[in-house]
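Q: Before I ask anything, here is the structure I am working with.
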């Protein structure tokens, strides 16, 4: 199989797109067939266009041409694959398994998942090895509670061996800041990569692995701190234990670097670069049968070219002026902002210091931090199932109030007299907070952001999403010591408890549900007036209060969904429910 790297648009024909489409302030109107850009085309038309597609790109091998011919028919009839003629019994079995057994996938797909998970583990360890190390190196470097250097030194994203070799606080600070530049691209591309490789029904569960394995890395970081606590200084090396703590995060990074060359590039990335042949080759490694790969490539390429017909020059302007993109941007920014301002990284970065302030011993503080890490990881596991069944929006709405309550619990526990009761209450509050964070605001933000944007602008959207979470991560880290000093621990925890209530309101009013949709179908979910989302959120809250709390009969409001978009006129249809 050989061919041109340049893609020609898959023509959908005026008869399938309807009247001429123009760009207006209400957003993209290019995707008339929001659920499927190939919808309405006959089996014969799809077959002809698939053959033209193969001919243009030099795909001449009969097996591949057949795969695209049948794959195009499957792409145009996603819910009626059994009506496609010419499929072998083996292919029908695979398609049936794809529908009924979403966890049955090729080993290569799970290798991609494993490497993406390892990337997340690296991040988690990098975040928390410094948690325990700071209890020791601040004394060696002369960092006191009154120094302005305290907050800046503790701001970090990635740890590696360089930090373990430093001999001054400013050298350590520079090393961590410089190495932090590697975290942004990794945290932006890894969830997006997983989303673009995963089948639609498995997408949420696979993409949320980012946060789950970040939680695993956080746990490993705490474990490394505790394991290295007893290491003495030898050979004239001062502070050997904290140096080894910081260096330990380099181990999973080395394994990840060695394995990443064994997996294929994202097929959708190849399509965005107008390289359909390499895209097909990559997709073949991620699916059981070539007809599945051809189906997914033909479908994605069709949608990408529809989008390109309207938006020739993608940029920030399209992100903010096109309604479909603007709504996705707002929703993504909300969940990314709240991932930080829910207060989780106060605990992740400063739990050892918090426990020491509550009069724990050094070792007991490290043990308590490890306990939080274990809980954070274990309670992220249910999200494998809940994120695609309960829904992204529902998970957030269900967990924000509890996160607020448990932060208040923790804060008020500092008012208790020093003793066993105070220690027990603080540990309980922090652990309960971790339990409700892990299945909700933990896995949802990166999953949601990775799937919210249309393909042509997704890299820009994910870049903003990642920049947002790390900017506010930075802000949280540098302000917590000062906030705790000015507000006292009770006031500081209360501050973030208030933000969790704000997060609940923002999600209720501005976040549409995305579960169960293909990446392409989400155009219909987001391309609705913002006022409709706000109205729906208010109505749904009233419905929940009457139906669930007062046990009164109440009709559930319809979910805003762009079912028909023609000449600027919307019809609201009952979409997939996603509520409180």
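Including glycine, each Cβ sits where the backbone N, Cα and C put it.
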Q: For which of the residue intervals 279-301, 302-324, 394-416 does TrEMBL record transmembrane segment?
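A: Of the candidate stretches, TrEMBL labels 394-416 as transmembrane segment.
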Q: When TrEMBL marks a stretch as transmembrane segment, which of 241-263, 517-539, 540-562 is it?
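A: Among 241-263, 517-539, 540-562, the range TrEMBL annotates as transmembrane segment is 241-263.
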Q: What range among 172-195, 364-387 does TrEMBL describe as transmembrane segment?
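A: Comparing 172-195, 364-387 with TrEMBL, transmembrane segment matches 364-387.
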Q: State the residue range annotated as transmembrane segment by TrEMBL; the candidates are 82-102, 460-480.
A: 460-480
Q: Could you name the stretch, out of 241-263, 328-352, 364-387, 422-440, with the greatest number of CB pairs under 8 A to the transmembrane segment (492-511)?
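A: Answer is 328-352, with the largest number of Cβ pairs below 8 Å.
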Q: May I ask which of the stretches 210-229, 241-263, 328-352, 460-480 has the most CB pairs under 8 A with the transmembrane segment (364-387)?
A: 210-229
Q: Counting Cβ pairs under 8 Å that sit 6 or more residues apart, are there three or more between the transmembrane segment (422-440) and the transmembrane segment (328-352)?
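A: Contact confirmed: at least 3 Cβ pairs fall under 8 Å.
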Q: Over the domain 'Major facilitator superfamily (MFS) profile' (68-515), work out the mean pLDDT and round it to an integer.
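A: It averages 82.
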